[in-house]
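A.B. asks: One structure follows; several queries about it will come next.
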Amino acid sequence: MDVGNFPEKVVKYLIMTYGKHAIFLTVIFSAVLLINFTLSIITNIPLKNQLSSDAELHLTHWREFSTNEGNDFANDEMFRKDTRPRGELLVNKLLVRLGEWLKVGLLEWSIWVSSLSLVVFLSGIYFVVAYSLKKPWLGFLVALGSIIPAFSLGGSTWGFLAQGFLPRELALGIAVWIMLIYFYGLEKNRIWVSRLVFLLAGIFSNWYPVLFFHFAAVFFIAEIIRLKSIRKELLIYGLLYAAGASFALMDIFIKSAQTAPIDLEVFRFRFRYMLLSSFEYTFLRYLRRFLIYIAIVTGLFIFSKKTLNRDELRPLSPWYAIWLSAALISLAGIVLENFTTFARFLFSRASVWFLFASMVIIAYTIHRIYEKKVKNSLLSSTVLATGILLIFTGQSAIPSIYRQIKDLRINSANYNNYISLLENLKEVTPNDAIILASPREANKIRAYGARGTYVSWKEGGIALLDGKSGREWFERLHEVDAVFGQKNLEALQKYAQAKNIRYIIYNTNEISNDNQQLTLFPLLKSGPFVLSENLNFSEKNKN
């Protein structure tokens, strides 16, 4: 096997223009720091206390492995149903041990690892685009345009903020770096390098199966599109992926045999944001970015065919293959998720690669056309860069992020009071306590208070994996929503007694107390938030 000078040549490329790369990366990471720390300054809430809801759930899994803040949540029935791949559990344990060795708290460590994931992701984008197109400044623009997340199909995003560690985000960054190997293999026409891409995708699937399976599928079909034929080499790619992902495939097979089929009612309730519904939601919200990028890329493709020659378009050939492959898989995902019971594969999330390829194609094509039509100058280059970034920004989640910041700023006092209450739970409740709380806020109890909760909105993700557990979550959620909807403390107490739950957290601004004979004893109070103990709780029948 001719290994050539790999990876020496890739490394040489990365350092041959060190100064230019350093300047571009410095600007990118400065923008990242500015945006992420501005969130904390504007909202008056420490970064460690404003984790994303997904990061809060994942932090709870970290607590299972912590020797300093450990809680196995043995009595937290709904949380225990949220099974993770064994590879992910192993990585969780290693990350927690590393954080403890560095003497960093779990919340702070989650932010640090999330920030590292962002560095891996953005630097990967820069080098992949710069290497594949031989235009570092286009890599700079695409990376800069990826700082603000853009919603993809299936409830995922291209890009992310440092709001707590998620395996998906680090996996996305690693996958982008694997793309660098892919483009090296194409440039040097080395089949073994292409094989390595699929083997690596398989190996990393043992840690985070969904994203790396989508990655392998996108590049598998992209190779068919690029080569315009089905060759025996594709079989080797598939076998290498399967060999690399053997542990994940075995894990998935075993767990699939132990779970019930998806309950469509529960799935559609929990994941309605990724389903087609009204015309307004379907076309003006959910599919909007997807359709806009299809229109822009298609228009540029037609125009570039008339304006640019074959040599000028050649660098985009693999990118168009990736773009079309990801689009086809995403469309298949939309069909499966809306009309079948195979939604658990989340094929629509392959659209993250569609978004990436769209950004690259748009940046390169506009640059090439502009280069031909306009005399090069500092002013024209600035106008070009600004125009490209405006396209990317227009497709980003800026409106959603703005609303999030605005809401946090307005409610920062109440938010900080709630977190303060949760941080003191360890002082007055036993390690195995289960707390009844409003489902939309209950997940924070696990993340910031290290205590179990009866039901929370976030754990509804189990509906994708197990129909039976999804149904149990669905029924619990509606019961608790109905009880809190009565806005009456007596109703909360009766429900807690019926379920033999010892502790309740409620907001006094939303819950009235018309009965002075309640057997609830307030243990903690922070602003309007109160933790009360149900004095009729029975240890023999505890949840």
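Heads up, the Cβ atoms here are built off N, Cα and C, so glycines get one too.
What you see is a predicted model, and the numbers here were worked out from it, not measured in a lab.
The transmembrane segment annotation in TrEMBL covers 22-42, 109-131, 137-158, 170-186, 198-222, 234-254, 286-304, 316-336, 342-366, 378-402. Under the heading domain 'DUF6798', TrEMBL lists 420-480.
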A.B. asks: Return the stretch with the most CB pairs under 8 A relative to the transmembrane segment (286-304), choosing among 137-158, 170-186, 234-254, 316-336, 342-366.
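C.D. replies: Ranking 137-158, 170-186, 234-254, 316-336, 342-366 by Cβ pairs under 8 Å to the transmembrane segment (286-304) puts 342-366 first.
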A.B. asks: Work out, from DSSP, the number of helix, strand and coil residues along the domain 'DUF6798' (420-480).
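C.D. replies: Helix, strand and coil residues of the domain 'DUF6798' (420-480) number 40 helix, 5 strand, 16 coil.
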A.B. asks: Tell me, please, if the transmembrane segment (109-131) and the transmembrane segment (170-186) are in contact, taking contact as 3+ Cβ pairs under 8 Å between residues separated by 6 or more positions?
C.D. replies: yes
A.B. asks: Given a Cβ distance threshold of under 8 angstroms, which distant residues of the chain, six or more beyond its ends, lie next to the transmembrane segment (22-42)?
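C.D. replies: Residues 50, 115, 118-119, 122-123, 126, 136-137, 139-140, 143-144, 147-148, 161-162, 405, 409.
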A.B. asks: Which whole-number mean pLDDT does the model give the domain 'DUF6798' (420-480)?
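C.D. replies: The predicted confidence over the domain 'DUF6798' (420-480), as a mean pLDDT, is 93.
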